[in-house]
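Residues or ranges marked as active site, N6-AMP-lysine intermediate by TrEMBL: Lys117. Positions annotated as NAD(+) binding site by TrEMBL: Asp36, Ala37, Val38, Tyr39, Asp40, Ser85, Leu86, Glu115, Arg138, Glu172, Lys288, Lys312. The Zn(2+) binding site annotation in TrEMBL covers Cys406, Cys409, Cys424, Cys429. Residues annotated as domain 'BRCT' in TrEMBL: 601-673.
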Amino acid sequence: MKEIKEMTLDDYQDLKEQLNQLAYAYYVLDKPQAEDAVYDQMYRQLENLEKIHPDWLSPDSPTQRIGDQVLAGFEKVTHLEPLYSLANAFSEEEVVAFIDRVQNQVSGPLTFMCECKIDGLSISLRYEDGLFVQGATRGDGRVGENITSNLRTIKALPLRLQKPVSGEFRGEAYMPKAVFQKLNESRDLAGLAPFANPRNAAAGGLRQINPKEAAKRQLNIFMYGAVYNEDYQIDSQAQLFDFLQELGLRTNPLRRLCHNKEEIMAYIQEVGQKRADLPYEIDGVVIKVNQVAQQSSLGYTVKAPRWAIAYKFKAQVEATRLKEVEWTVGRTGVVTPTAVMDPVFLAGTTVQRASLHNIDLIKALDVRIGDQVVIHKAGDIIPEIIEVNLDQRPADSTPLVIPETCPVCYHPLEREAGEVALRCLNPLCPAQRLAQISHFGSRGAMNISGLGEKVVAALLDHDMIQNVADLYHLTLADLLKLPNTKEKSAQKLLQAIEASKTNSLERLLFGFGIRHVGAKAARLVAQKFDTIEALSQASEEEITNIDGIGTIIAKSLVDFLQDEASHALIQDLTNMGVNMTYTGPKVNQTSLDNDFWLDKTVVLTGTMASYSRSQAKEILQGLGAKVIGSVSKNTDYLVAGQDAGSKLSKAEQLGVTILDESEFLAQINEESE
C-alpha cells in the first residue's frame with residue numbers, strides 16, 4: 001500500500017469507491033467482504049487524505065455521513081410526485097373486495113406484489129447522477145421537510161448509487177427492535193422517560209437538528225418505490241425491486257409475487273406468524289397491482305392509489321379495567337403516572353400495570369378510574385394504554401386528579417418549558433433520595449452488593465443516612481440496629497461499601513444520577529478529564545468537544561458540579577477516601593492505531609479466572625468496545641471463559657470469532673500498555 005504522501009487523486013477515488021462498496025456489502029447485502037479492522041484502516045487512510053487534500057473531498061465520501069452543522073430548522077421540500085398514503089383494509093373480506101374490484105377494472109393477467117408494511121416513517125430520497133443530494137419526510141404527501149443531513153447518518157443509505165441515475169425514490173426509515181430496547185434502557189439509566197414505541201423514537205431521530213444526535217438512533221431503511229422515469233424501463237413492481245437492488249438501495253427480502261387470492265392470504269398469514277420474531281416492527285401487509293400499465297389505468301383517488309391497499313394486522317391488544325393510577329417519583333424528580341389494572345394476559349405475560357407516560361396522554365385519552373381500557377405492548381415490550389372504551393364507561397367512573405404537589409414530599413410540582421413531565425424540584429424529597437441512593441449502589445454505578453432498595457429505605461427511616469456520602473460513615477453498630485439484620489450480612493455490606501471507594505471515576509459520576517448522564521456519557525467524560533477536579537473546572541464547550549457528548553449532557557454536568565450542595569457532597573466523599581480519579585483503561589492514540597477492540601461488538605460468556613464479567617465489560621468499554629448480552633451475526637467477538645454455554649454454540653454456528661481467556665488477556669494487555 002502506498003504511503004499517504006505518494007497517493008494521487010485517482011488513488012483517493014479508488015479508495016473511496018472501495019470503502020463504499022464494502023459498506024454496501026455490509027449494510028445492504030448483509031454479506032461482509034472484509035474484516036472490520038481492514039475497513040477501519042482504509043477509512044482512516046481516507047480521512048488522512050482528505051485532511052491533506054481538502055479539495056479532493058466529495059459528498060459521497062463515507063467520512064461525510066455525519067455532519068457538524070446544527071440546523072436552525074427544516075426547510076420545505078416539494079416532492080416530484082405526491083407521496084400518497086394507502087387505503088386500509090382491516091379484514092380479509094376487505095382484501096378480497098379490493099382484489100375483485102381491481103380484476104373487474106383491468107384487462108389481461110393480474111398479479112400482485114405483497115410486501116411487509118414497515119411501521120416507520122415514509123421518506124423520499126433524491127439522487128442526481130447517482131449522488132444523494134436530498135432526503136425528505138412525507139409531510140402532507142406533496143410537501144415534506146428536508147432531513148438530508150439526518151438521513152445521511154443511516155449507514156444502509158448509499159451516498160452514491162451503483163449506477164449514475166437521477167430520480168426520486170421512496171421508502172421507510174425505521175428503528176430496529178433491538179436498538180429501541182437499548183435506547184429505552186439507556187434513557188431509563190439517565191433518568192429520562194422511555195419512548196412509547198420504535199416509530200416515535202425513529203421520528204424523533206429524523207427530526208433532530210443535530211445530525212450527531214440523529215446518528216445515535218441507529219436507524220435503518222427499506223426502499224420500495226420510485227418516481228418513474230422512462231429511462232428506467234420498468235414494467236412491474238417486481239422489476240422495480242430488482243432495479244432498486246441494482247442501484248444499491250436496500251429492499252426487504254420478505255416480499256412475494258402472488259397470482260391469486262389464495263396466495264395473497266397465505267402470505268398474510270405467513271407474515272403474521274413471523275411478525276413477533278422479525279427484527280423490525282410491522283403493522284400489516286401492502287398489496288400492490290404488479291404491472292405498471294395496470295397501475296396507470298387504475299389511477300388514484302385524491303388521497304391514495306387505487307392499485308394498492310394496506311392490510312392492517314389486528315393489534316395484540318387486550319381490554320381490562322382501570323383500578324387506580326399511582327404517581328411515582330423517580331430519582332430525577334419526574335412524577336410518572338402508572339395505571340393499575342385487573343390482571344390480563346398479553347403477548348406472553350400477565351400485565352397488571354401499564355404506562356400512562358404523562359398528563360398530556362391522560363387528557364387526550366380522557367381516561368378515568370373504572371374505565372374499560374385497551375392495552376398493548378409498545379415494541380412488544382412496554383405495556384401501555386392506547387384506548388378507552390367510552391361505550392362501556394360506568395356511571396360511577398372517576399376522573400383522574402392531576403397532582404399539584406409531590407405525592408411523597410408535597411412540594412409543589414412544576415412543568416418545565418418544552419417538557420411534558422411533571423417534576424418535583426425538592427432536593428430533599430424522600431422518594432428521590434431513596435431512588436438516588438439505591439441507584440448509587442447499583443451494579444452499573446458503585447456496585448455496592450447488599451445495598452438494595454429495602455436496605456436504603458430502612459437506613460433512611462432510621463435517619464442513619466441523608467445522602468450517598470453518609471453510606472461511608474456507617475458502622476457495624478449502626479447496621480445492627482436495623483430490623484432483621486444479622487452480623488454476617490452487615491459485615492458484608494460494610495465490606496462492599498469499603499471496596500466501592502476504589503471504583504474508577506466514571507462509576508462515581510454515573511452513581512450521582514446526574515440528569516441526562518448515563519453510564520456511557522460518564523465514561524467518556526471521565527476518560528477525557530481524568531479527575532473530578534479537572535472536570536469541575538471544565539466549561540460546557542470543553543465537555544461538548546468530546547465525541548458522543550451533546551450540549552444537554554454538558555449543561556447537566558456543569559450545573560451539577562457548580563452546585564454548592566454537590567461541592568459539599570464531593571468533599572465529604574473525598575474525605576472518606578472515595579476515589580475521584582479515572583483508573584480504567586484509556587483509548588490513547590496508540591490503542592487507536594491498533595484498534596483491535598475499538599467499535600467492536602463483544603459478547604462475554606462463561607467464567608474467567610482473571611476478571612469478573614463486570615470488570616471485563618468495563619475494560620472492554622474503556623478500549624472502545626460495545627459489550628452486549630446476546631450473540632448475533634453482527635457480533636465481532638465472543639470472549640469465552642470456563643463453562644461457556646449456549647452463546648458459545650450459537651457463535652460457532654454463526655462463524656463469530658471466539659477468543660479464550662488467554663487470547664482476551666493478550667489483546668487487552670497489548671492495547672492497555
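Backbone N, Cα and C define each Cβ position, glycine as well.
Any TrEMBL annotation is an automated prediction that lacks curation.
Each of the binding-site residues Val38, Cys406, Cys409, Cys424, Cys429 was scored by the number of other CB atoms within 10 A of its CB, and the lowest score belongs to Val38.
In sequence order, Val329, Gly333, Thr405, Pro407, Val408, Tyr410, His411, Leu413, Asn426, Pro430, Ala431, Gln432 are the same-chain residues whose CB sits within 8 A of the CB centroid of Cys406, Cys409, Cys424, Cys429, the residues recorded for Zn(2+) being left out. For Arg138 (NAD(+) binding site), the same-chain residues 6+ apart in sequence whose C-beta sits under 8 angstroms from its C-beta are Leu83, Leu121, Ser122, Ile123, Ser124, Gly144. Among the recorded positions listed here, namely Val38, Leu86, Lys117, Lys288, Lys117 has its C-alpha nearest to that of Cys406 (Zn(2+) binding site). The CA atom of the residue listed as 'active site, N6-AMP-lysine intermediate' is located 48 Å away from the CA atom of Cys409 (Zn(2+) binding site).
Per DSSP, the secondary structure of the domain 'BRCT' (601-673) breaks down as 31 helix, 17 strand, 25 coil. The local packing around Leu86 (NAD(+) binding site), expressed as other Cβ atoms within 10 Å of its Cβ over all shown chains, amounts to 18.
For the pair Val38 (NAD(+) binding site) and Cys409 (Zn(2+) binding site), the C-alpha distance works out to 58 angstrom.
The distance from the Cα of Cys409 (Zn(2+) binding site) to the Cα of Leu86 (NAD(+) binding site) comes to 51 Å. A straight line from the CA of Cys424 (Zn(2+) binding site) to the CA of Leu86 (NAD(+) binding site) spans 45 Å. Classification of Cys424 (Zn(2+) binding site) by DSSP places it within a strand.
In the three-state DSSP scheme, Cys406 (Zn(2+) binding site) is classed as coil. Taken together, the residues in the domain 'BRCT' (601-673) have a mean pLDDT of 78 on the 0 to 100 scale.
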